[in-house]
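Copied over from TrEMBL:
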type: DOMAIN; residues: 14-396; note: domain 'Major facilitator superfamily (MFS) profile'
type: TRANSMEM; residues: 48-74; note: transmembrane segment
type: TRANSMEM; residues: 81-100; note: transmembrane segment
type: TRANSMEM; residues: 106-124; note: transmembrane segment
type: TRANSMEM; residues: 136-157; note: transmembrane segment
type: TRANSMEM; residues: 169-190; note: transmembrane segment
type: TRANSMEM; residues: 216-237; note: transmembrane segment
type: TRANSMEM; residues: 257-276; note: transmembrane segment
type: TRANSMEM; residues: 283-302; note: transmembrane segment
type: TRANSMEM; residues: 308-328; note: transmembrane segment
type: TRANSMEM; residues: 348-367; note: transmembrane segment
type: TRANSMEM; residues: 373-391; note: transmembrane segment
Amino acid sequence: MIPGAPGRIWAGRAFAFAGIVIVAASMRTAVASVSPILALIGNDVHFTPFSVGILGMLSPVAFSVFGLAAPWFARRVGLEWALMIGVFLTGVGQILRAFSSETNAFLGWSVVALAGIGASNVLLPPLIKKYFPDRVAFMSALYVSVAVASTMFPPLLSAPLAEAINWRFSIASWAIIAFVAIIPWAALLIRRRSVDKPTLPHHTHKITRLVWKSPTSWAITLGFAIASINAYTSFAWLPMMLQERVGMTAAQTGSSLAFYVLLGLAPALFAPILVARMKNVSFLYYLSSASLLAGTTGLLLIPHTATLLWIALLGLGPLLFPVCLVLINYRTRTQEGSVALSGMAQGVGYAIGALGPLGVGLIHAATPSWTPMLLMMMATGVIAAFAGFIMRKNVMVDGTAVGSPAPLPPA
């Protein structure tokens, strides 16, 4: 670990900085590059409605399964090697699914790509703790912002690339970012090979047990789950609900969804800084709760009045995503604790998040009403307030309880 020093903030850490930023830029391209050209892909791969539904569920499921496995893998090969292997899988999966002609092959290689992303999701927070312990808030804000911003480009460029060349080139081209992301991490390991030992000890079972037993860990996990449920449910069903309940056109619903995504950028920029400055982060949980409750209530009771306001409030609801990413490092004292909490919060959180769009799909198949979906999202607002109550005390989840406030690394 390289300590920060005045005038030498980035000394010896340039490769890690570049690696974190480029990995963040690659983390959502495999997800966002497919849906805009799904019809073109279907002409060759022959998707059925069922396979399209499976494709939509793969992201949170893969993020959950491989997020839970990432800490175990990192303990055996080290954080840097685990990340490089994950990013490599993301690139390979994107290229090989571009050459698929059958549905099962396309879905299978998509799992490979998403497996790498699931591991990267979990490994980046502890890597920030390792290389930038004095810049946790800044680096967290930077990488979350880059990840959110990079989500906007594939929908804009995938269709033009597919029309100009073909859909296979369109979805394979995004693999370049993943392969480029490997370069700085490989350079860092080569440079430090003679002095560095494996980064994670193998005897971390006690710390892992402490993390999984902590109420604070579960409050952070609930934060991830709430953000995931609302984000994935909105991505999948908000446009259709706005068409049927509000009477928007397809173009208007597309713009509304883009507006929803854009609102996620502001929390990504500011939430990590607020976490670093605030003595009690419960307020951010309560803010998320209030936003979700107000937005869903508006769409439930007066959807035709101030519709964009209700969408804006819904878009602010998942602010717990960047908040909880930063809390992974601010509620652990050790690197091992950070890895364990990251795997737990993201693995379990994404698993719960996958249930959101699936549950809405099953309910909507049984009834045309959108009220159950809005009530479900409203319920997550109530749960956010409960999790916020747990977070009122500063506790280090990897074994050390402290008074309020807990000593935190400088922002």
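Numbering starts at 1 and runs along the chain as it is shown here.
Cβ atoms are placed via backbone N, Cα and C, with glycine included.
Contact count against the transmembrane segment (81-100) (Cβ pairs under 8 Å) is highest for 106-124, out of 106-124, 308-328, 373-391. Counting only same-chain residues 6+ beyond the ends of the transmembrane segment (308-328), those with a CB under 8 A from a CB of the stretch are 125-126, 136-137, 140-141, 144, 220, 223-224, 226-228, 230-231, 234, 238, 256, 259-264, 267-268, 271-272, 274-276, 281, 284-285, 287-288, 291-292, 294-296, 298-299, 338, 341-342, 345, 349, 377, 380-381, 384.
Counting Cβ pairs under 8 Å to the transmembrane segment (283-302), the top-ranked stretch among 106-124, 136-157, 216-237, 373-391 is 373-391. Long-range contacts of the transmembrane segment (348-367) within the same chain, counting only residues at least 6 positions beyond its ends with a Cβ under 8 Å from a Cβ of the stretch, are 53, 56-57, 60-61, 63-65, 67-68, 118, 221-225, 227-233, 235-237, 324, 373, 376. Within the chain carrying the transmembrane segment (106-124), a Cβ under 8 angstroms from the stretch's Cβ atoms is held by residues 20, 23-24, 26-28, 30-31, 34, 41, 45, 51, 54-55, 58-59, 62-67, 69-71, 73-74, 79, 82-83, 85-94, 96-97, 100, 143, 178, 339, 342-343, 346-347, 350, all 6 or more beyond its ends.
For the domain 'Major facilitator superfamily (MFS) profile' (14-396), the mean pLDDT of the prediction comes to 85.
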